[in-house]
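First the structure, in the form of structure tokens, and then the observations on it.
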Amino acid sequence: MDIEEAFQAVGEFGRYQKRLTAPIILLQIYMACQSMLIVLVGAEPEYRIDKEETWSSPEDLIKHVTFTEDLHSIVTEWFLIKHQAYKVSLVGSLFFAGVLIGNVVFGPLSDKIGRKPVFLTCLLLEVIFGYATAFATNYEVFAASRLFAGIMNGGMALVSFVLTQEYVGKSYWALTGTLTNMMFAVGIAVYAAMGYHIRQWRTLAMAANTPGVLLFFLCLSLPESPRWLYSHGLTDKAEEVMQEMAIRNGNRVTIKLKMCAGTAKTGGSSPGLLDLVKHPILRWRTVILMYVWYVCSLVYYGLTMSASELKGNRYLSVAMYGLVELPAYPLCMYFINKPWAGRRKTTSGFLVFAGFSCMITIFLPEHSGSWLNTTTLALLGKLTVSAAFNIVYIYTSELYPTVVRNAGLGVCSMSCRIGGILAPFVPSMKTLNQSMPYMVFGLSGISAGCLELLLPETLNKPIPETIDELQTATYQRLEEKMVYPRDENCSPTKK
């Protein structure tokens, strides 16, 4: 049997697979805390300056600053205000720059040497750098620790998502992918609650990092991905993992896998990053997906920053921008499994809807007193782009063969991080025109939604394990769509 038939035999999502995926899904809470750390650790409390004048040095300014809010952050410890305030934003940029590096480095690496070693190494190192953040003696050490934590976070995020997909049967990919993204949104709210009760930034950083230690020990017993083993020709080891799944799920079956066609032979070159460029099918898909991921990130973070101009409790605001995503996930689960919608049309629809939500704000008064205002539409746009973001993870996993899945996700995630880095600059375009940021978000969302329709649907389609399988499936699909001339007996003839 092949790997899909093996999952059908052992159980696509039995109790053993639930135990395997549970710690990885819960890990998203930890990852959300690390990703959002600077929001509260770098929060700027209210302060006053006793004497307003031109300061000759930072030390001179410090003597006259008084913080009036009960909050201890890196801003209060290292006086990152006025001309030093950019350093807080710089730390956030360094973290996401690290995430970008981690995506590019560890995605292809996990395709080469395996999911489990890369995943555990990244998790352990991120925990170590997380504690380095909490004990940083100066700003430079703090910034460096966030950069390296971001690198590990980027690698771990990709591999953990892929593992939740590759431990289960294809029909449950949407469920595990959605639960993963939903738990990340919950993690944002959990971090906000932690920040509300812990006002000392070093204690907060330690509290946000400590769950990673427990989760690391829980993940030590995870097996290697059977799909990765199978796609790399390690059939015997894949059979062992699948047989263990069958026993733990209570299914008395014997697993005997056939050799996967197109697997890399020992000593030869296995598929990797360059294959995304060399093969026309993968190249076309990668270009479109990179743009879609870029737009998802740009609109998601850009809308968050635009909507965050609301006055109010900072902890409630952080929680709200996490919880507003939760309604998106049941919508995803409903639409993406319907034959008339599927992955492609649903993603396209959510992106276009987010784009039009932004475009409508152009025609609203700047200070509208009604419920239909810029803030409402921004939150609605974030809800729908969150839904698109959730689906695009699942959809991308299904569009790439197993042998290059992490490489493909790594390149797409790199494009995503570029969108996240550029997002803070879009709201500043208000200086040119008040509606300019929303026009950028709107046109980006609509264009990405239209491009998404050029990709094939993957619902109820077999997932290719190798590039050869992908090419064969694509040519078969094209052949089915071709119209052949008919002879006098009304039977189709192929030329």
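Backbone N, Cα and C atoms are what each Cβ position is placed from, and that goes for glycine too.
Per TrEMBL, transmembrane segment is recorded for 20-43, 85-106, 118-137, 143-163, 172-198, 286-303, 315-336, 348-365, 377-395. What TrEMBL records for 21-460 is domain 'Major facilitator superfamily (MFS) profile'.
Counting residues 6+ beyond its ends, the transmembrane segment (286-303) has Cβ neighbours under 8 Å at 276-277, 347, 351, 354-355, 358, 378-379, 381-382, 385-386, 388-389, 392, 396, 399, 408, 411-413, 415-420, 422-424, 426-427, 437, 440-441, 444-445, 447-448, 451-452, 454-455 in the same chain.
By number of Cβ pairs under 8 Å, the transmembrane segment (143-163) is matched best by 85-106 from the list 20-43, 85-106, 348-365, 377-395. Just going by CB pairs under 8 A, the stretch in 20-43, 172-198, 348-365 that sits most against the transmembrane segment (315-336) is 172-198. Residues 71, 73-75, 80, 88, 91-92, 95, 123, 126, 130, 133, 146, 149, 153, 156-157, 160, 163-164, 167-168, 176, 179-181, 183-188, 190-192, 194-195, 201, 204-205, 208-209, 211-212, 215, 218-219, 222-223, 314-315, 318, 322 of the same chain, all 6+ positions outside the transmembrane segment (20-43), place their C-beta atoms under 8 angstroms from a C-beta of that stretch. A mean pLDDT of 83 is what the model gives for the domain 'Major facilitator superfamily (MFS) profile' (21-460).
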